[in-house]
Amino acid sequence: MSPLADHRFLKMNGLGNEIVVLDLRASSHVVRPEEARAIAADPRSRFDQLMVLHDPVTPGTDARLRIYNRDGSESGACGNGTRCVAWAMRADPVMGRAGEQLTLESAAGLLAVTRVSDTDFTVDMGPPHLRWDEIPLSEPFPDTRRIELQIGPIDAPILHSPGVVSMGNPHAVFFVDRDPETYDLGRIGPLLEAHPLFPERANISLAQVVAADRIRLRVWERGAGLTRACGSAACAALVAAARLRLTGRRATVTLPGGDLVIAWGEDDHVRMTGPTELEWEGRFPPALFAGAA
């Protein structure tokens, strides 16, 4: 039987981005990809990202995160999920004991989180990575503000010349001149996610700059598909826009699930502020993992 059988979890969301928070700090178990897929397949625990807490390794940190996508793959960063973890570690009656600030370890590095209100948190996502080999890309591009990539006819592409950024996970941001909702991202997204230019696959965003301090964004999330919100994609969109001088270094990013405020500081760190919501708590039924043994 899986050690996750009958284990407690929290179903949350950050702007509609479906998050499950699982506390394994009292366990040595590491979630297997097939277990993550089984959790995602159950309507009660469906997620875009599964945020798993482990005991910290680095002194002075509060927990170590492993982040799973719906397809069982792992991700280096999830801003919306990190805010949900911060809420749980502060306010949940079982998990909650953190203060106004906490520091989490992730594959992307240390994430500092600050409480803004009972439901809103600011996450320091760290500096963006902009070199082609840091993103990574499969071939050199000296200027990643716009790279040679398009989809559609050569003389009339549907999308072209994205900016590429890593926020601990790879992002390609295509700037468009009309509402991103008018594009068939459900069809285009998986083609671009798996493009040979992205050896680790990529998150694909369509960004419409509507003002110097506002971006409208839609995201195809690597390993998860269409999502109502993606915090790291919002960070990448602001960085990509600011590098092209399409916006300033602070903007409100509007996603289908709501707004995030993104600021790219003079210290090169990108900070994201947004809400969290607890939907319910539950326990995994043992039968859920029957096929994941």
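Backbone N, Cα and C define each Cβ position, glycine as well.
Per Swiss-Prot, substrate binding site is recorded for Asn17, Gln49, Asn69, Gly79, Asn80, Asn169, Asn203, Glu221, Arg222, Gly231, Ser232, and the stated evidence type is sequence analysis. The active site, proton donor annotation in Swiss-Prot covers Cys78. What Swiss-Prot records for Cys230 is active site, proton acceptor, and it gives sequence analysis as the kind of evidence.
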With every protein chain in view, how many other Cβ atoms are within 10 Å of the Cβ of Ser232 (substrate binding site)?
33
Nearest to the residue listed as 'active site, proton acceptor' by Cα distance: which of the recorded positions Asn69, Cys78, Asn203, Arg222 is it?
Cys78
Would you mind sorting out which of Asn203, Arg222, Ser232 (the binding-site residues) have a C-alpha within 10 A of the one on the residue listed as 'active site, proton donor'?
Ser232
Cβ contacts of Asn203 (substrate binding site) (under 8 Å, same chain, 6 or more positions away):
Asn169, Pro170, His171, Ala172, Glu193, Val219, Trp220, Glu221, Arg222, Cys230, Ser232, Ala233, Ala236
Any further residue of that chain within 8 Å (Cβ to the Cβ centroid of Asn17, Gln49, Asn69, Gly79, Asn80, Asn169, Asn203, Glu221, Arg222, Gly231, Ser232) of the recorded substrate site:
Asp48, Ser75, Ala77, Cys78, Gly81, Val219, Ala224, Thr227, Cys230, Ala233
